[in-house]
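Peer 1: Pasting the feature list from TrEMBL:
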- 8-125: domain 'MTTase N-terminal' (DOMAIN)
- Cys17, Cys53, Cys88: [4Fe-4S] cluster 1 binding site (BINDING)
- 148-380: domain 'Radical SAM core' (DOMAIN)
- Cys162, Cys166, Cys169: [4Fe-4S] cluster 2 binding site (BINDING)
- 383-444: domain 'TRAM' (DOMAIN)
Amino acid sequence: MTQTASPKTYRVKSFGCQMNVYDGERMGELLEAQGIAPAAEGEDADLVVLNTCHIREKATEKVYSDIGRLVKAGREAGRQPMIAVAGCVAQAEGEEIMARSPAVGLVVGPQAYHRLPGMVEAAARGERSTDTDMPENNAKFGALPARRKVNPTAFLTVQEGCDKFCTYCVVPYTRGAEISRPFSDLMDEAARLVDAGAREITLLGQNVNAWEGENASGHAQGLDGLIRELAKLPDLQRIRYTTSHPNDMTEALIAAHGEVDKLMPYLHLPVQSGSDRVLKAMNRSHTADSYLALLDRFRAVRPDIALSGDFIVGFPGETEAEFDETLALVDAVGYAAAFSFKYSPRPGTPAASMDQQVTREVMEERLARLQAALNRDQFAFNRASVGKTCDVLVERRGKLPGQWLGKSPWLQSVFFEGDAAIGDMVRVQLAEAGPNSLRGTVLA
Ligand code: SAH
Ligand code: SF4
Ligand code: F3S
């Protein structure tokens with residue numbers, strides 16, 4: 001049932017992490033270079049790219065139901081879209097998707113999507129193909145077109161893959177080994193992003209702080225070196241990075257937080273659990289105390305730093321007392337934001353075959369308690385910000401007329417009324433706090 005005409009319009013639907021969002025944008029640029037236009041809002045696209053995520057359960061089922069929905073809509077509209085499956089589910093289960101879903105025209109993995117144009121042409125001729133190659137030298141980036149118009153906040157993937165092998169996680173399998181993109185490529189891409197309108201760049205990597213490279217004079221650099229060089233781009237106003245692993249945190253990166261003004265006072269540092277026994281079973285290779293000590297070093301150089309983390313509840317064998325240790329860690333940190341998940345057994349990972357899987361009921365109850373604590377702390381952090389003066393980078397219009405929405409340096413959503421435009425940096429005083437956002441008043 002594959003469509004045979006060449007597509008004129010496309011839509012990319014990205015799920016999962018920011019790296020998928022970045023990949024989705026790059027796929028869009030490739031398709032546009034091939035003469036395929038983005039489909040207008042609300043209109044069916046000739047080509048739909050499902051850019052999938054495999055991190056938690058039902059990922060694969062979700063892809064099949066998305067495919068089913070597209071086929072049904074196509075039947076009703078009298079023409080089938082070309083369907084491409086990309087991202088981490090494509091990498092993990094591409095062959096099976098091809099075999100099970102005749103409506104899928106092509107399957108392309110996260111390291112192979114630079115070949116998307118040729119695969120789309122082939123699919124238009126009725127030739128279905130799968131490409132889940134993982135070339136060692138990361139050939140993909142060199143084959144992508146230059147960046148085009150972007151939002152004031154842009155993503156830049158600097159590092160891909162993961163060598164950490166936490167026992168619950170699929171990423172080392174779907175994204176492959178840790179690879180750093182070269183320094184000069186990143187400086188070029190960043191300069192283009194800024195020319196295209198970016199005022200804030202978030203450096204991305206599954207283990208972004210494991211990035212390493214060589215600067216123009218051949219000196220070895222860590223992520224701090226890249227950040228310091230990026231900070232020299234005059235029109236770039238803010239730099240962020242995510243996601244970091246506690247074990248790759250260097251003294252130099254911590255120091256950069258105290259020295260580089262453009263580096264925002266925000267750190268997303270997943271911890272997963274507050275129990276050393278669970279952390280060991282997860283193969284996290286840090287303890288609750290070493291994690292807390294690391295945060296103290298950040299606070300020493302940047303006392304106002306906002307902290308964020310990821311948590312998993314119900315890892316196999318997690319006892320009530322061990323879960324309480326997670327709550328105690330949360331109390332000790334006082335997170336400004338956080339993401340928390342029920343443990344989900346992933347095919348092929350060591351934890352999936354561990355004994356003592358925790359029941360769904362228990363996981364749900366623990367997740368509710370954890371989220372209550374995290375929400376309490378996020379609200380407290382927002383309330384403690386009231387009265388502060390800060391810059392807000394305007395990202396979009398708010399719901400009410402004359403209202404604008406942007407982010408504070410601490411990554412809080414701030415809305416305000418006044419004269420502004422998207423991409424402006426507006427000085428506001430934070431006047432009122434809600435659980436998920438703050439109201440600001442513009443300063444003259
Ligand atoms: N590379 C990043 C992101 C990994 S995925 C990192 O190491 O932090 C983002 C988050 O998803 C993880 O931090 C973890 O909290 C969660 N996660 C990963 N695998 C999971 C699983 N099998 N079940 C539940 N949550 C999981
Ligand atoms: Fe997954 Fe752990 Fe790697 Fe993060 S560090 S991507 S959680 S294996
Ligand atoms: Fe998901 Fe792949 Fe990202 S599994 S979280 S899209 S690296």
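Note that Cβ sites are derived from N, Cα and C of the backbone, with glycine treated the same way.
TrEMBL: automatically predicted annotations, no manual curation.
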Peer 1: Using the CB centroid of Cys17, Cys53, Cys88 as the [4Fe-4S] cluster 1 site centre, which other residues of the same chain sit with their CB within 8 A?
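Peer 2: Apart from the listed residues, the neighbours are Phe15, Gly16, Met19, Asn20, Thr52, His54, Ile55, Gly87, Val171, Thr174.
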Peer 1: Ranked by the number of other Cβ atoms within 10 Å of their own Cβ, which of the binding-site residues Cys88, Cys162, Cys166, Cys169 ranks first?
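Peer 2: The residue with the densest Cβ neighbourhood is Cys88.
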Peer 1: Can you list, in sequence order, the residues of the same chain other than Cys162, Cys166, Cys169 whose CB lies within 8 Å of the CB centroid of the [4Fe-4S] cluster 2 site?
Peer 2: Lys164, Phe165, Tyr168, Val170, Val171, Pro172, Gln206
Peer 1: Per DSSP, to which secondary structure element type does Cys88 ([4Fe-4S] cluster 1 binding site) belong, with helix, strand and coil as the options?
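Peer 2: The three-state answer is helix.
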Peer 1: In angstrom units, rounded to an integer, how far apart are the Cα atoms of Cys88 ([4Fe-4S] cluster 1 binding site) and Cys169 ([4Fe-4S] cluster 2 binding site)?
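Peer 2: Cys88 ([4Fe-4S] cluster 1 binding site) and Cys169 ([4Fe-4S] cluster 2 binding site) have their Cα atoms 12 Å apart.
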Peer 1: Mean pLDDT over the domain 'TRAM' (383-444): what is the value?
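Peer 2: Result for the domain 'TRAM' (383-444): average pLDDT 96.
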Peer 1: Checking the binding-site residues Cys53, Cys88, Cys169: which ones have Cβ within under 6 Å of ligand 1?
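Peer 2: Only Cys169 qualify.
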Peer 1: As a test of the contact definition, list every same-chain residue at least 6 positions from Cys17 ([4Fe-4S] cluster 1 binding site) whose Cβ is closer than 8 Å to its Cβ.
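Peer 2: When sequence neighbours closer than 6 are ignored, Cys17 ([4Fe-4S] cluster 1 binding site) has Cys53, Ile55, Gln206, Thr243 within Cβ distance under 8 Å.
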Peer 1: Among all protein chains shown, how many Cβ atoms are found within 10 Å of the Cβ of Cys53 ([4Fe-4S] cluster 1 binding site), not counting that one?
Peer 2: 19
